[in-house]
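Asker: Structure provided below as structure tokens; questions to follow.
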Amino acid sequence: MNFSNGSKSSTFTIAPSGSCIALPPQRGVATSKYAVHASCLQEYLDKEAWKDDTLIIDLRPVSEFSKSRIKGSVNLSLPATLIKRPAFSVARIISNLHDVDDKRDFQNWQEFSSILVCVPAWIANYVTNAEVIGEKFRKESYSGDFGILDLDYSKVSGKYPSVIDNSPVKSKLGALPSARPRLSYSAAQTAPISLSSEGSDYFSRPPPTPNVAGLSLNNFFCPLPENKDNKSSPFGSATVQTPCLHSVPDAFTNPDVATLYQKFLRLQSLEHQRLVSCSDRNSQWSTVDSLSNTSYKKNRYTDIVPYNCTRVHLKRTSPSELDYINASFIKTETSNYIACQGSISRSISDFWHMVWDNVENIGTIVMLGSLFEAGREMCTAYWPSNGIGDKQVYGDYCVKQISEENVDNSRFILRKFEIQNANFPSVKKVHHYQYPNWSDCNSPENVKSMVEFLKYVNNSHGSGNTIVHCSAGVGRTGTFIVLDTILRFPESKLSGFNPSVADSSDVVFQLVDHIRKQRMKMVQTFTQFKYVYDLIDSLQKSQVHFPVLT
């Protein structure tokens with residue numbers, strides 16, 4: 001069977017994506033040079049020792065896979081955001097494979113002569129995910145053949161019923177800790193109150209009863225790091241289960257949390273209404289500029305991209321230059337910002353291009369988080385690596401580090417850079433503020449330190465847009481922008497502040513919705529959303545007068 005070879009001599013090219021992966025699939029025609037005829041399945045299944053020779057990966061949700069599957073296939077149901085992360089290696093892919101027979105050892109995956117992937121639907125989103133998986137195998141020296149079945153599962157099962165196994169999975173998937181995915185917390189799992197909970201204490205839940213029929217994986221964005229010593233649970237020998245809510249911070253016992261959680265769900269619903277039309281070029285919420293064959297490769301995460309209407313356009317010196325960067329202009333009633341993703345290696349020169357275009361004499365960059373978290377790269381270092389006095393050239397831009405100092409007992413770092421454009425004689429200065437102790441999808445642990453950081457950035461006297469980034473440029477970035485804006489509000493705007501007021505009168509709700517209309521998923525998690533209310537409440541209880549920032 002002739003199809004794409006994954007040896008070092010072959011070249012993998014990630015196909016352009018269609019709609020944003022976070023959305024419901026948009027029907028469109030996808031193509032892939034790695035497509036192989038599904039008719040080859042019977043040929044492989046007829047081989048006497050095919051299980052030792054061929055790996056068939058099914059990308060559908062576990063709940064669907066458990067009902068019906070290609071004979072001998074294994075399931076891989078993970079969010080695109082996780083699959084695309086550079087640090088998510090083949091070893092981690094292999095550790096997340098779910099096998100019905102639970103007998104095969106996939107650790108020697110290099111010995112498979114062929115790897116076939118079956119996608120849930122033959123559209124660009126899923127095909128691109130499959131190609132990313134193939135790219136990871138190739139980079140780790142896989143020398144066999146890699147192919148994507150040219151028919152999605154529903155068409156395979158209809159056209160080639162002889163290769164389908166319809167026997168239900170009674171206890172193979174989901175019932176045992178070893179078969180569960182790495183633990184992650186979604187909003188639903190950590191909801192403050194379960195109104196449908198039975199029993200006298202809804203803050204303590206027993207281990208869930210396995211129910212394969214209703215089992216599905218959450219599209220989580222923050223998986224806990226893999227624990228090499230105990231494959232079944234990142235917490236050691238304890239059974240992986242939904243956590244008892246007694247272990248959740250005391251803030252979750254606040255009666256207002258249920259109200260806030262419902263508000264957050266309404267924000268999510270409003271955003272979903274916008275995102276369903278993002279693949280339509282004529283829509284106000286179109287994101288198609290970010291998913292062309294050239295711009296797509298400059299996105300750190302495939303499901304977090306800018307809207308066409310607010311994206312930053314790099315100033316081009318020739319028509320052939322690409323003007324794309326994963327960044328959005330954000331305007332609030334008090335300030336102007338640029339929210340962008342953490343740089344990847346191929347976009348560093350674009351980042352400095354954006355800085356040059358959008359600051360005047362002194363610019364301000366705010367970096368939230370560290371370069372690496374739990375072994376995963378969150379942002380590529382985009383400044384000189386050898387410290388003070390070192391210079392580094394990124395495309396047309398020469399960046400020199402002037403100074404570096406730890407501030408507020410090393411809670412954050414201030415760096416100062418000089419930038420020079422090869423096409424202009426002038427030099428611009430940039431103040432770079434890094435708040436490293438703020439992890440992905442979470443909120444800062446110290447309210448006082450966060451307020452001091454905001455004040456310090458406010459005193460930078462930079463000109464032009466304040467450039468803010470974390471890793472994806474939405475969660476921590478959006479939270480910072482909301483906090484920076486609210487702390488500039490006058491006292492009258494926050495008078496009688498109460499989370500229980502209607503959404504139309506809630507300044508936090510309205511502000512988050514406002515910036516989400518300019519960049520998707522801003523203030524990404526419920527934890528971050530609640531933190532904004534907590535910070536305002538803390539300041540008011542301390543009788544701090546607004547505006548805190550001027």
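From the backbone N, Cα and C atoms, a Cβ is placed for every residue, glycine too.
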Asker: Scan SER141, SER286, SER320 for the residue that Swiss-Prot records as phosphoserine.
Answerer: SER320
Asker: According to Swiss-Prot, phosphoserine sits on which of SER167, SER318?
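Answerer: In Swiss-Prot, SER318 carries the phosphoserine label; others show none in the record.
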Asker: Give the sequence-ordered list of residues that share a chain with CYS470 (active site, phosphocysteine intermediate), lie 6 or more positions from it, and have CB atoms under 8 Å from its CB.
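Answerer: Sequence-distant Cβ neighbours: GLY342, MET367, LEU368, GLY369, MET378, CYS379, TRP438, ASP440, ARG476, THR477.
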Asker: For SER320 (phosphoserine), list the number of other Cβ atoms lying within 10 Å of its Cβ atom.
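Answerer: By my count, 6.
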